[in-house]
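If you check Swiss-Prot, you get these features:
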BINDING   Leu11, Ser12, Ala13, Gly14, Leu15, Asp16, Ser17, Thr18, Val19, Asn20, Ala21  ATP binding site
BINDING   Cys197, Cys205, Cys208, Cys211  Zn(2+) binding site
Amino acid sequence: MKKNKKVVVLLSAGLDSTVNAYEAIKHHHEIVLALTFNYGQRAAKKELEASANIAKHLGIPHKVVELPWFKDFNKSSLLVEDQAVPTGSAVEIDNQQKSEETAKSVWVPNRNGIFLNIAAAYAEALGADAVIPGFNAEEAATFPDNSREFLEQATKSLWYSTSNHVTVGCYTAHLKKPDIVRLGQGLKVPWELIWPCYFSGDKWCGQCESCLRSKRAFASANIDVKHLFKE
């Protein structure tokens, strides 16, 4: 993306979205709005709290969009309390077949597509040129709506559905988690503010797939955040 654009960022307070917000500022973009979605996810309480703190730290406008009807999609363990989120030994982040199986458990129908379209509507209304989500190459292998191809196709769709032809860009879509951590470290991201866990709690659980990927990424980058994990 060219520098000095007005942008809307999607901010879940996870590793990827937080680093993208910091990188957008580094590229001299004006973040006119940071959007966080409450769609009934298990980690909603912590995500909303952490996102607000990150936005405050960056000095950018922040808005929470309520999407209660996502609960109608009752097959995802991220939304349904009586369905177990895969954790611990049930998660093998280096096993592609196993990762595809666990991905099905936490998949929410068209979640990222809906998020991008809502963000694009805000972008057009606020005179912004682009929407910046937080994606990564590691999870794109099992979640196609994290891929660069998805970003490209979303931009093509928005050319027709927004009068100012809002684009979708992401600074981390080509990177794996360890490289995103290194990028964030260079940007001086305050890691204690992020929330990369599938659950709410006092600390990151350390056992869900998102935590296991984050744990490995921080270790690979030689950054000690053990105190932020429950286990």
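Placement of Cβ uses the backbone N, Cα and C atoms for every residue, glycine included.
Features recorded in Swiss-Prot, as mapped to the structure shown.
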residue: Leu11; record: ATP binding site; Cβ neighbours (10 Å): 29
residue: Ala13; record: ATP binding site; Cβ neighbours (10 Å): 26
residue: Leu15; record: ATP binding site; Cβ neighbours (10 Å): 25
residue: Ser17; record: ATP binding site; Cβ neighbours (10 Å): 26
residue: Val19; record: ATP binding site; Cβ neighbours (10 Å): 26
residue: Ala21; record: ATP binding site; Cβ neighbours (10 Å): 29
residue: Cys197; record: Zn(2+) binding site; Cβ neighbours (10 Å): 26
residue: Cys205; record: Zn(2+) binding site; Cβ neighbours (10 Å): 21
residue: Cys208; record: Zn(2+) binding site; Cβ neighbours (10 Å): 26
residue: Cys211; record: Zn(2+) binding site; Cβ neighbours (10 Å): 23
Would you list the other residues of this chain near ATP - those whose C-beta lies within 8 angstroms of the C-beta centroid of Leu11, Ser12, Ala13, Gly14, Leu15, Asp16, Ser17, Thr18, Val19, Asn20, Ala21 - in sequence order?
Leu10, Ile54, Gly134, Ile194
Do me a favour and check the Cα-Cα span between Leu11 (ATP binding site) and Cys208 (Zn(2+) binding site); whole Å is fine.
20
For Val19 (ATP binding site), which DSSP three-state class applies?
helix
Leu15 (ATP binding site) to Cys205 (Zn(2+) binding site): how many Å between their Cα atoms?
15
Binding-site residues clustered about Val19 (ATP binding site) [Cα within 10 Å; pool: Cys197, Cys205, Cys208, Cys211]:
none
Tell me the Cα distance separating Ala21 (ATP binding site) from Cys208 (Zn(2+) binding site), rounded to the nearest angstrom.
24
Cys208 (Zn(2+) binding site) - helix vs strand vs coil (DSSP):
strand
